[in-house]
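Lifted from TrEMBL, the feature list:
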type     : residues : note
COMPBIAS : 351-360  : compositional bias 'Polar residues'
CARBOHYD : Arg156   : N-linked glycosylation site
REGION   : 351-371  : region 'Disordered'
SITE     : Arg156   : site 'Required for activity'
SITE     : Arg163   : site 'Required for activity'
Amino acid sequence: MAAAPSPSSVKPVPLLKDELDIVIPTIRNLDFLEMWRPFFEQYHLIIVQDGDPSKTIKVPEGFDYELYNRNDINRILGPKASCISFKDSACRCFGYMVSKKKYIYTIDDDCFVAKDPSGKDINALEQHIKNLLSPSTPHFFNTLYDPYREGTDFVRGYPFSLREGVPTAVSHGLWLNIPDYDAPTQLVKPHERNTRYVDAVLTIPKGTLFPMCGMNLAFDRELIGPAMYFGLMGDGQPIGRYDDMWAGWCMKVICDHLGLGVKTGLPYIWHSKASNPFVNLKKEYKGIFWQEDIIPFFQSATLPKECTSVQKCYIELSKQVKEKLGAIDPYFVKLADAMVTWIEAWDELNSPSDTNSSKKANGAPLPAAAK
């Protein structure tokens with residue numbers, strides 16, 4: 001009788017294998033994929049190479065991938081390539097644009113497989129998919145967190161009329177080891193590490209913003225893809241390291257308007273490398289001041305009822321950015337124009353059936369809860 005395979009040799013069954021792309025921005029060889037091989041090998045990867053396009057990026061054998069560098073971005077988008085950041089991980093959003101799949105998972109190349117408290121490897125992608133396939137509850141907080149997880153439910157006093165929930169557009173994962181801190185916090189806490197594993201997923205309430213981190217993030221591209229623009233950052237811009245947060249603020253305002261949900265919590269990944277806090281401070285310096293005006297702007301932003309698609313919402317938001325944030329610095333006028341260019345490029349590369357997000361967001365049957 002043959003011996004049963006060891007747990008480490010059993011590959012997980014890939015969920016949504018043909019409906020999900022993994023997007024990775026990088027400037028280096030992707031050796032980190034070896035650790036992710038059991039979880040990523042059966043998925044399609046979109047690699048966006050930042051920096052020098054003449055440099056050859058090596059990808060381990062056995063992965064199905066397409067790789068785009070700056071020359072490819074310029075060739076595909078032409079003059080509209082100006083909306084894609086250069087020398088900044090914000091370039092990853094080009095991968096969102098060229099994908100033809102329903103779902104996107106994006107991860108940084110310094111992130112590795114984390115272990116849960118029992119010592120078992122965490123299949124981050126599987127947990128993100130479960131988050132996205134179960135509804136969200138942005139209109140009323142459940143004190144047992146996600147009521148759709150196995151072993152829990154809605155608590156006493158939760159309105160039955162709201163228990164159906166809303167479609168989940170974004171799943172925001174967290175990180176063990178190196179925390180996602182800004183430069184001033186890095187400087188005063190250089191040795192701090194996150195060792196706290198919290199076994200919870202919760203819906204971010206309607207009307208509440210959050211600092212979205214792009215290093216462990218999944219979303220429903222059909223529901224919210226056009227809003228996941230990581231802005232103008234990096235080379236030639238006065239700010240960096242606010243790309244994912246900018247996308248998060250825009251996305252959350254639009255999700256609230258269209259009746260979509262955002263989840264945060266599980267899954268965890270292992271963030272292995274702390275970036276240089278002095279380099280980060282130079283990138284973040286203006287953002288640290290500007291965010292005190294940017295966040296109140298998003299907190300008070302409203303979208304008219306005529307904005308029935310993600311694209312319409314995003315164009316309207318760009319007008320408000322130009323009008324209200326443009327007075328802070330000319331950069332925001334440039335950013336608002338880039339937001340419009342991004343939507344134009346998105347629509348050129350995606351057919352109407354792919355971009356009619358509002359119909360899918362508001363008219364599709366609610367997905368069954370993933371248990």
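Along the chain as shown, residues are numbered 1 onward.
Placed from the backbone N, Cα and C atoms, the Cβ positions cover glycine too.
Automatic, uncurated: that is what TrEMBL annotation is.
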Task: For the residue listed as 'N-linked glycosylation site', the number of other Cβ atoms found within 10 Å of its own Cβ - done: 5
TODO: Would you count the other C-beta atoms found within 10 angstroms of the C-beta of Arg163 (site 'Required for activity') for me?
DONE: 15
- [ ] Calculate the distance in Å between the alpha carbons (Cα) of Arg163 (site 'Required for activity') and the residue listed as 'N-linked glycosylation site', and round it to a whole number.
- [x] 12
